[in-house]
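**Student:** What TrEMBL shows for this protein is this:
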type	residues	note
SIGNAL	1-36	signal peptide
DOMAIN	114-280	domain 'NIDO'
REGION	288-313	region 'Disordered'
REGION	367-442	region 'Disordered'
DOMAIN	530-760	domain 'Nidogen G2 beta-barrel'
DOMAIN	761-802	domain 'EGF-like'
DOMAIN	803-845	domain 'EGF-like'
DOMAIN	850-893	domain 'EGF-like'
DOMAIN	894-930	domain 'EGF-like'
DOMAIN	939-1009	domain 'Thyroglobulin type-1'
REGION	942-963	region 'Disordered'
DISULFID	Cys977-Cys984	disulfide bond
DOMAIN	1017-1085	domain 'Thyroglobulin type-1'
DISULFID	Cys1055-Cys1062	disulfide bond
REGION	1073-1099	region 'Disordered'
COMPBIAS	1089-1099	compositional bias 'Pro residues'
REPEAT	1155-1198	repeat 'LDL-receptor class B'
REPEAT	1199-1241	repeat 'LDL-receptor class B'
REPEAT	1242-1286	repeat 'LDL-receptor class B'
Amino acid sequence: MRGDHAARRLALQQLPLPLPPPPLLLLLLLLSRAGALHPDELFPYGQSRGDQLLQEGDDESSAPVKLASPLRFYEAQFSYLYVGTNGIISTQDFPRETQYVDDDFPTDFPAIAPFLADIDTSQGRGQVLYREDTSLAVLGLAARYVRAGFPRTAARFTPTHAFLATWEQVGAYEEASSRVPPSEELNTFQAVLASDESDTYALLLYPANGLQFFGTRPKESYNVQLELPARVGFCRGEVDDSKREGPYFSLTSTEQSVKNLYQQSNLGVPGVWAFHIGSTSPLDNIRPATVGGDLTKAHPSPPLEQSFGPTAAAERDYTEDNLDYYDENEGEVEYPPGEPEDAWNGHSSIDVSFQSKADDRPLYPEAESATLDPQTKEGRALGGVDTPGLNGRVKASRQQGTRGPAPSEIEGDSLDPTRGAPPPYADGGAPPSEEGAPSAHPEGKAVLLNYPVPAHTPPLGRGRQVLGVEDVIGSSTEVFTYNAANKETCEHHHGQCSQHAFCTDYATGFCCHCQSRFYGNGKHCLPEGAPHRVNGKVSGHLRVGHTPVHFTNVDLHAYIVGNDGRAYTAISHIPQPAAQALLPLTPIGGLFGWLFALQKPGWENGFSFTGATFTHEMEVTFYPGEERVRITQTAEGLDPENYLSIKTNIQGQVPYIPANFTVHVAPYKEIYHYSDSAVTSTSSRDYSLTLGTINQTRSYRVYQNITYEACRHSPRHPAVPTTQQLNVDWVFALYTDEERLLRFAVTNQVGPVEGDSDPIGVNPCYDGSHTCDMRAQCHPGAGVDYTCECASGYQGDGRGCVDVNECAAGSHRCGPNSVCINLLGSYRCECRSGYEFADDRHTCVAITPPPNPCEDGSHSCAPAGQARCIHHGGSTFSCACLPGYTGTGHQCADVDECSENRCHPSATCYNTPGSFSCQCHPGYRGDGFQCTPDPSSGLTPCEERQRQAQAQHAASPGSRPHVPQCDERGGFLPLQCHGSPGFCWCGDLQLHAVFCPWLTIKGFFVPICSEPTQRPRTVCERWRENLLEHYGGTPRDDQYVPQCDDLGHFIPLQCHGKSDFCWCVDKDGREVQGTRSQPGTTPACIPTVAPPTVRPVPRPDVTPPSVGTFLLYAQGQQIGHLPLNGTRLQKDMAKTLLSLHGSIVVGIDYDCRERMVYWTDVAGRTISRASLEPGAEPETIVNSGLISPEGLAIDHFRRTMYWTDSGLDKIERARLDGSERKALFHTDLVNPRAIAVDPIRGNLYWTDWNREAPKIETSSLEGENRRILVNKDIGLPNGLTFDPFSKLLCWADAGTKKLECTLPDGTGRRVIQNHLNYPFSIVSYADHFYHTDWRRDGVISVNRDSGQFTDEYLPEQRSHLYGITAVYPYCPTGK
């Protein structure tokens, strides 16, 4: 037998063989493997293969590589390529790495990025190799991968050239350290560009254990432990001289998506990814293969039946174009629109379609079948073309200095397409077709290329497979035998099932099945009879007639009444011409009707098959104009509230429908054909356009293909037929221009094909005419009798049902250290801070904290009484001297504050280690920083002034203060003389100089003083009286009144009303710069002496810092609470403050007077508030006239709020209860976002990130004196904050990546930090800024003085964070 096999292998190596059809090839490829890509299975590489070696270093690039044949990238053609150290290939030389490595994708130059990060090959840490190749082995392997990934569009792809770049065992950049050895985490990955004269495809390969690090730390903030995930994708770069951003495609944006690169695939082979990246034909963007894999979710390396699902979703970074839309499931992002491809269903039966003209084929024809014949082992291509079979084993060898597989040896058996596939219709005949429907099977034959089989075939399994194929398939086996040694079982993988499902082990693996009273596919289960919701986004590139219309990420919401089959869908913000033209396309909302249709006995709706992850693809052809549009709807699972998340993409041409025409679609029926992982339907539909007496009838043809991932371990349920009929009894379509809403409504039943079974009497449960509650399930009885039962999670008699609070009733399964959160019809468990879920998703186990040098004492900082240790994560830390000490942090010395004259002149200073104290002299009272005469001492003002001057002289012997002269009663003598300079003057009762005659005695002027008289009022007293008169005698708490002492002088410490917002003034009442108080402090003001900026700070270990200050941040459907310890983030104390189901909270601010938090909700289009007092309920205060409310600012002085609306391009204000609403601005606004208020000076500030002309504007609080403050060198000013203490207006820019500040008049602009990631909102507190970041999905803190990143907080539930604000334990005036 061995000799026969060897002879056959030799013959196969010598003879060119025609390839089997691509799907058959894919079957052989996929059945032969189940584990990840082995390093030896990369494309062959090494210097012995002709590779060039890139110079080692941190930021190296190759010389231009002249290509023998130009390749196409997007729409352009290039003859040169450059390879860079940092995991990137370009068509031009690279800029400095600081200009692109740590920035967001896309780059501003053409880029092919298999792993864009800060890579360093210095000191022999790996190598980068590259070459152009035309060998048959490489071209043949590339061709097979491409054909497998694009079986429809690339079935005949025959590359002529390939360019290979391999990064082998390369490391991340690390700062040199004598104490820390270099990391042993090294990465290996490969990029292959295969091209012919018209098309280019990219293959990205990530072998098992090839990715050991998933991101790198920015050089500018290396010690902060802030790691940026690697970027993987493609971008065209700036496309013209106007610096307009070109198209791009991003595959990763989170650490988890990078991890999944080697675990998942869009080609069916874990670790291999294929993309169509260039063509002579129009190519709007990169098109991925669509065979299987999902980067957005964390999975272990899956078994065969899970790896090769029909869809592949990757993450796309947010672009500036869609920043004004908000997604409740931001972490799950779709591929850009791609060419729909035939999907393999994972069994031995493959749906294949061959046609004579690719351009004339329908998008999803109903397929013919080809299977293995266990009797003959022979196969024939459909259409009569013989196809040799392949049953392969592979041997891999390894040469010194070269990596890659050796030639494969192929053994031949044959395939027979005549067995194994169920007939397309239950009785074996042709399926019924709607009247007038054209054939779905255009005539044609298969055309197979005679492409020589290369020495190297696609990589096959190496003993790691879950599914194994025997070398020889004997006649006793039905089709395949399974190797169950490594099968996945419920014991280890039951967590993949829904919490409302049970897990069952089968011979080849496990499957999930929904529990009683729930339905779905086991991985996703919903309660029977309960209403359901759908949230999603819709994007489109359409031609309406001949007019192009584009829209991106507009909102879609659907509501389904499950117990009577009603489905309501609403899509907002589609431009009017497109929305009007889409009215006939009821299948957009009809998908939800099919998913949740009312089920007749023995029949199942779509969700029972697909669960919550599937792809729905449609091609619609309109008649008579033959316009064609393609619609792709991708379901991405259930969110925490059990809402289905879905993304819709619409591309093509639709006929123009004039405004004011209404569209009527009559009830219709559709027949659906079911296989193991695909559902197809073909139908025709008429619709009428009416306006007055005008009535036009038109039609369209719709092909539908729904692919999903079915569990193939359990036997197919025999009771489920392969053909079902959907009856749509009511159809409604409407567009309202005022609301800019496109609405669809349908009522659906699923059951047998008419005439396919005996008619069943109509029970109210089946036609929806029952009277059960919308949250109840209808159970049919005899005849027209029925009963009602509340759905799971609800209670009542079935006619009326209310939610069961499982958390209050104790019927939940949340374990210790977890929190139960009640939901409508269900509940959710969340672990407390410091805990994480165990495998059962109910029990919370403690998270083992990493070693902390600051806690275990292994740091090298000065003693705890002199310095503090600051932990930066891992083993890194820094040291800082405590207030009152100075030094490096490792060594600290005491500061002698007494030498700085910190105390009042009438006080004594006492220096202590790390601090000091002040004590007023006898006869005075106060805190030592401010001392006033003590009335209980019995001294007159003159005597008090005498003692004060004498004490001042004693404290500073060099000073010569005036010592007042007092009479025997203690009053001031009319004649006062200064002994030191030797001059005299007349004084009043308060010692102020007054006019009097003078005599000349012995050459000296001597005043002639009469008895003292009442002195005139001082400037301070006159100003005080004028303001009191202006305020009507009694000022409000927030109104400023000058404070004067008993002599009429300005008291050095002035405060605003009754607040602790204070500052120091000089003798003329002018503010001393730099003395504005910080929160919780009062400036120490000394007459005629420049005061310090802050009061002395006690040692932290003696007097704890003030408590109660915290940050509030918006995160989708919740508001988070993050306490501060000083300015440090207390991450272990973070928690969810409010859970707002169905909301998308964006703007947030705080009213310190009434302790209320206010927020904007772009999902509900409302503005709401809630008290921070326990038990308070949220209150909606604005619920009309909003489209996309974003930024929000509270003026607690005037009890007013201000907000921006990017949907209406408007800025409004209202009282805090929502009354007295007024639009301030509604012109010259494009994308208003952030807004801030300065109550003291009465100024309003806002940002407008109009891509063509971004700007920051200001006006008065009444909307007067509007002007542009900043419009130079800004990009996307997302966040804005006004700091009343420093009087700085600061903003965070996601375009320039900068945090900048300016004075309120626009002068004094300076950069605080110029390496932000993707900031959204920002707030200032003390000497720090805190901003939310979309690259990190967290809160980042930046020191205002140094500009350094100091800390970050990443919530356990990772999704985008929006607005952020600071909450003080008191009311800081001017906040």
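Backbone N, Cα and C atoms are what each Cβ position is placed from, and that goes for glycine too.
Context for these features, please: burial, neighbours, distances.
**Tutor:** Looking at the domain 'Nidogen G2 beta-barrel' (530-760) alone, the prediction's average pLDDT is 87.
The DSSP breakdown of the domain 'EGF-like' (761-802) into helical (H, G, I), extended (E, B) and coil residues amounts to 4 helix, 15 strand, 23 coil.
Distant neighbours of the domain 'EGF-like' (803-845): 494-495, 499, 527, 530, 640-642, 775, 791-795, 1132-1136, 1139, 1141, 1356; these residues of the same chain sit at least 6 beyond its ends, with a Cβ under 8 Å from one of its Cβ atoms.
Around Cys977 (disulfide bond), a 10 Å sphere centred on its CB holds 15 further CB atoms from the protein chains shown.
Summarising the environment of Cys1055 (disulfide bond), the number of other Cβ atoms within 10 Å of its Cβ, over all protein chains shown, is 18.
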**Student:** Count up the helix, strand and coil residues in the repeat 'LDL-receptor class B' (1155-1198) according to DSSP, in that order.
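**Tutor:** Helix (H, G, I), strand (E, B), coil: 0 helix, 23 strand, 21 coil.
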**Student:** Under a criterion of Cβ-Cβ distance under 8 Å and sequence separation of at least 6, what residues of the same chain contact Cys1062 (disulfide bond)?
**Tutor:** Leu1053, Gln1054, Cys1055, His1056, Arg1076, Ser1077, Thr1082, Pro1083
**Student:** With every protein chain in view, what's the tally of Cβ atoms within 10 Å of the Cβ of Cys984 (disulfide bond), excluding that atom itself?
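**Tutor:** A count of 17.
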**Student:** Per DSSP, what is the residue count of the repeat 'LDL-receptor class B' (1242-1286) in each of helix, strand and coil?
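**Tutor:** So the repeat 'LDL-receptor class B' (1242-1286) is made up of 0 helix, 23 strand, 22 coil.
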